[in-house]
Amino acid sequence: RACSCSPVHPQQAFCNADVVIRAKAVSEKEVDSGNDIYGNPIKRIQYEIKQIKMFKGPDKDIEFIYTAPSSAVCGVSLDVGGKKEYLIAGKAEGDGKMHITLCDFIVPWDTLSTTQKKSLNHRYQMGCECKITRCPMIPCYISSPDECLWMDWVTEKSINGHQAKFFACIKRSDGSCAWYRGAAPPKQEFLDIEDP
């Protein structure tokens, strides 16, 4: 059996998560986390992490991240060794702990666009009352004014497209929501995207 998740825009990932941090994994080990309904032990991977910055979450730094032992059950594998930095969004478990799955937004920090990094500070939060609706194929429509249509899949066949990288869906004063372009990307990057 495989893990299946529906794709989300980074803003949705931010809004849905209890905890959003920038961190690196220092070590990993398999731990027991209680038993399942049949009495079999449940194994989880425990990553000890070094939190660099918290964008959303509890007052206490996150020290440990837990995940399922294999990707088939949505487990996430992080590089340990403390070199690679990640943006990690997931569920709080209290007392400096969080749980992550493959359906959560977990990406190497250096793959984020400047706009995405900046949006983590407040812009995504400003749009949490808006709804981002993914358009899997044309035509697609919004059903209420507080929705933004996420078109990356149709226009670029990628969920990591232009709107994911450079836009946030923000509520305007009249209550409607609209895509708002963040920090202008560097010219070269912009030109590359314009290429047919």
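A Cβ is built for glycine as well, from the same backbone N, Cα and C atoms used for every other residue.
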Annotated region 'Involved in metalloproteinase-binding' segment (source Swiss-Prot; candidates 3-6, 11-14, 75-78): 3-6
Cysteine from C128, C130, C135 that Swiss-Prot links to C177 by a disulfide bond: C130
Per Swiss-Prot, the disulfide partner of C148, chosen from C103, C128, C135, C169: C169
Distal contacts, the region 'Involved in metalloproteinase-binding' (3-6) - CB-CB under 8 A, six or more residues away: 71-74, 101-103, 134
Secondary-structure category, per DSSP, in which K43 (site 'Involved in metalloproteinase-binding') falls: strand
Three-state secondary structure, which DSSP defines for C148 (disulfide bond): strand
